[in-house]
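Peer 1: Attaching a single structure in structure tokens format; questions to follow.
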Amino acid sequence: MNATEQFLAANAHVDEAAVQPLPNSRKIYVEGSRPDIRVPMREVSQDDTPTAFGGEKNPPIYVYDCSGPYSDPAAKIDIRSGLPALRAQWIAERGDVEALADLSSEFGRQRAADPKLDELRFPGLHRKPLRAKAGQNVSQMHYARRGIITPEMEYVAIRENNNRRAYIESLKATGPMGNRMADILGRQHKGQDFGASIPEEITPEFVRSEIARGRAIIPNNINHPESEPMIIGRNFLVKINANIGNSALGSSIQEEVEKMTWSIRWGGDTVMDLSTGKNIHETREWIIRNSPVPIGTVPIYQALEKVNGKAEDLTWEIFRDTLIEQAEQGVDYFTIHAGVLLRYVPMTANRLTGIVSRGGSIMAKWCLAHHKESFLYTHFEEICEIMKAYDVAFSLGDGLRPGSIYDANDEAQLGELETLGELTKIAWKHDVQVIIEGPGHVPMHMIKENMDLQLKHCDEAPFYTLGPLTTDIAPGYDHITSGIGAAMIGWYGTAMLCYVTPKEHLGLPDKDDVKEGIITYKLAAHAADLAKGHPGAQIRDNALSKARFEFRWDDQFNLGLDPDKAREFHDETLPKESAKVAHFCSMCGPHFCSMKITQEVREFAAQQGLDEAAALEKGMEVKSVEFVKAGAEVYSKI
């Protein structure tokens, strides 16, 4: 499929499915210390508790929202114009950037001057690229280390708290039982955080201190002012990344923009554009201009295209030009496989699956062809100079990650991890933000060792892992094999999880696969937050459990990660609208619903003047008679 044939800029349009608010949800904005700090959240309204169960009010809950303006009915979305430059004023008022007269990248200038690309080109960008003034450093880490709390830091502090205080106050205001409701629905289990330092409330100062220490990053390139600030770090909510991108086999620019908007609708905190096909530069421009979340790339992929796929022909000059090209477009973080050293390559010879990272294999081939260390390693300090001029964060790539559980935690993988730790300290010397990429394929009992060694070697820089996949026997289900490992390593301290779709190892994911991967990983990340005891993490669980106990079916659907699928599954069995208010579910029917029985036992206890234990015994006698009369079947059709 040729992207030029499939896509014309004049015909570009937003995916209508991505701009509809989710059921019973509305976009709200929590204002910060200045009017232009407006932090988006999703408010999910709930029905009142039925009179039979007390008839109380259930105030709305607030959900972390990555969807940007797309789910705001008040926003006018035209992907040919791109999103508003939310951060432009914040960037300008710091006084440390300059607008360039032209693109600095030779390749970027070539693309801009090519009239054959006019019909493909994003038409809505009318500003010049920015770069730090001479001698300046514009990274969030640099500001943090100087004691400056930026608007971006305040923004993420508000975002991380999820309006929890307002929710608790709204519970207290529901009536005479309000304080008790606040106590019950705000309660959560004490977690096990494995040495993390998660405060009860996230403050802007805490955000600043974590970034200054290197334990967290805010990936916000100065040339991506459309992005809504978010934070990646062990002491914050676990984030997820979605991969998109075309290949030589297919996919158009329109399709990739739709994958991005679809990813963020369902909860993608960042998106990586891994395009390897035609028109990579133009595809990336469309994605960045329309993305409210950070965009990451693997620059070596595009550099390889520039030398017609011959790894040995790559040079530092080509790679450097690619970094600048992408930085001036607004890429927020680069995966750079600088830890693939010549001495590590022979260590992979006895592996079952060799080197499976594309970037890792490219650099291994270059090292062997030239018999010297890669230019990514030898020019690392020069790369740091580029990164801090645009505030691009490093995602130090694990080019030697294991591609099978057979190869997990071997000397090549762990040797590279030590080198990534050394490179982290060099980047930090330049006040450049860093996250560390991790595996891969690792059985469950070996996962914690990965986390412990990463914390040790990389001095608590945020860990970003692909899964890991915990078994290799389930092609078509690797979103599940990896979701297991993702939940575990997220609990142990990983800051961001890279999603895996059902198509992993099999083909390019479509929109349905993207959604399946996102939902699986949102679930894994949330399970990790619960296990760590992240303050407020259990609020949504408690609200949904209360709705389930009170048979508020619509609230159960709407409070879930995927309201559409929950409603679809329920309606397959009970399609009538009356079933949405039924006091039983589609599995056990009206006579044997455990929650209905519990409700009846409580009512019975009140009527008989018994405590619940005595009522339970007597009530079960009554239920046993009903069971026999109904035919003595464990499950019944309705």
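Cβ from N, Cα, C; glycine included.
Straight from Swiss-Prot, here's the annotation block:
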- Asn243, Met272, Tyr301, His337, Ser357, Arg358, Gly359, Asp398, Gly399, Leu400, Arg401, Glu437, Tyr464: substrate binding site (BINDING)
- His441, His505: Zn(2+) binding site (BINDING)
- Cys585, Cys588, Cys593: [4Fe-4S] cluster binding site (BINDING)
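Tell me about the setting of these features in this model.
Peer 2: Gly359 (substrate binding site) has a Cβ environment of 23 other Cβ atoms inside 10 Å.
His505 (Zn(2+) binding site) falls outside any helix or strand according to DSSP and counts as coil. Within the same chain, residues at least 6 positions away in sequence whose Cβ sits under 8 Å from that of His505 (Zn(2+) binding site) are Pro475, Asp478.
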Peer 1: Only counting partners 6 or more residues apart, tell me which same-chain residues put their Cβ under 8 Å from the Cβ of His441 (Zn(2+) binding site).
Peer 2: Arg401, Pro402, Gly403, Ser404, Ile405, Asp407, Ala408, Gly467, Pro468, Leu469, Asp472
Peer 1: For each of Tyr301, Tyr464, count the other CB atoms within 10 A of its CB; which of these binding-site residues has the top count?
Peer 2: Tyr464
Peer 1: Tell me the Cβ neighbour count for Ser357 (substrate binding site), meaning other Cβ atoms within 10 Å of its Cβ, over all protein chains shown.
Peer 2: 25
Peer 1: What is the Cβ neighbour count of Arg401 (substrate binding site) at a 10 Å cut-off, with all protein chains included?
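Peer 2: Step by step: centre on the Cβ of Arg401 (substrate binding site), count other Cβ atoms within 10 Å, giving 26.
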Peer 1: Measure the Cβ-based neighbour count of Gly399 (substrate binding site), defined as the other Cβ atoms within 10 Å of its Cβ.
Peer 2: 32
